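A.B. asks: As listed in TrEMBL for this protein:
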- R104, K144, 149-155, 184-187, E192, H215, 269-270: ATP binding site (BINDING)
- 108-299: domain 'ATP-grasp' (DOMAIN)
Amino acid sequence: MLAPGATIGILGGGQLGRMTAQAAARLGFTTHIFSSEPECPGAQVTPLVTVAALDDVDALARFAQSVDVATYETENVPVSALEAILPHTPVRPGVEVLRVAQDRLREKDYLRSIDVATAQYREVTGPDALGRAIRDLGHRAVLKTVRMGYDGKGQVMITPDVNPAQAWAAIAGAADSAGIAILESFVDYRCEISVVVVRGTNGTIVNYPAVENQHANHMLDTTIVPARIAPELAMRAEAIARHIAEKLDVVGVLAVEMFVTHDDEILVNELAPRPHNSGHWTMDACYTSQFEQLVRAITGLPLGSTERHSDAVMKNLIGNDIDRWREIVAEPMSKLHLYGKVHARPGRKMGHVTRLLPRHE
């Protein structure tokens, strides 16, 4: 167990790194952020910042030697960066968790291997293979890069009028360096949900309630707490998330995104081994936020309560939505969080607002 005063290293200085650093400071820990961007949001709230590329092995080694434990704010961190850190300090969650979560094909294969249901999918290595996969799965499908895609990036919808060669060309530049992509069958879902689960160094595991997510333009727009689904469905979703965290031997935070079908089937869509946008509501509606839980988990402290004292609706502030800050701060039951980003651009997450509601069981 690390004591207050120890230093936590965070790979990545975006809003997740920023909010993790803020939570760490409240518990008395120092944070050291490693980022390629000198003016990243995290740099505004931490005393120690290393500005270097994630493939700079020497800089990573120096960073690792200055911290007592390291974590990461995105699954798009190269595995090689973690491998450069590991000889000097623990990294939590570990390398194998990252290997699974950063590759959609490996992720789906792993989930199937532990008896977790997903959408049907096929590995695709070119336009001919894509044509065969479409014949297998049907013309309602989504072609995705296996790596780096998020918020709808690196994806092409497959419909009967889409030419496989053109679809492949649309993502080929962003496909895996080995020329691999994944075709996933389209899921006709009733709603999208997620569960954030936390697991400590001693195997203790807790989870937040299942929440309902609504997207706009392929990005998370609104999270409704709790999810508007039957209690038995919520319990099943939470059990699935805990099962995955146990099997992956996660130490830290794991978010599990899922579809709920019209037949009440639950299909896991994606994993994120770090604090998640759909968990931001925990900062204001729970006794312990997902960010504090991450700090507790990776330092070996006892995990906090995941109990919520309020229901909530979290809404992202994207692009020029930030201009509404004056009206938002005037709302008596709202909590505004801005990320310190200087330039508002279309599709850029600038902050979020959580509106608190009386809790209903």
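Cβ from N, Cα, C; glycine included.
Could you give the neighbours, burial and distances for every feature on this list?
C.D. replies: A simple way to gauge crowding: the CB of V187 (ATP binding site) has 19 other CB atoms within 10 angstroms, across all the protein chains here.
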A.B. asks: What is the total of other Cβ atoms whose distance to the Cβ of E184 (ATP binding site) is within 10 Å?
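C.D. replies: The Cβ of E184 (ATP binding site) has 21 Cβ neighbours within 10 Å.
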A.B. asks: Within the domain 'ATP-grasp' (108-299) only, compute the mean pLDDT.
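C.D. replies: Here the mean pLDDT over the domain 'ATP-grasp' (108-299) amounts to 94.
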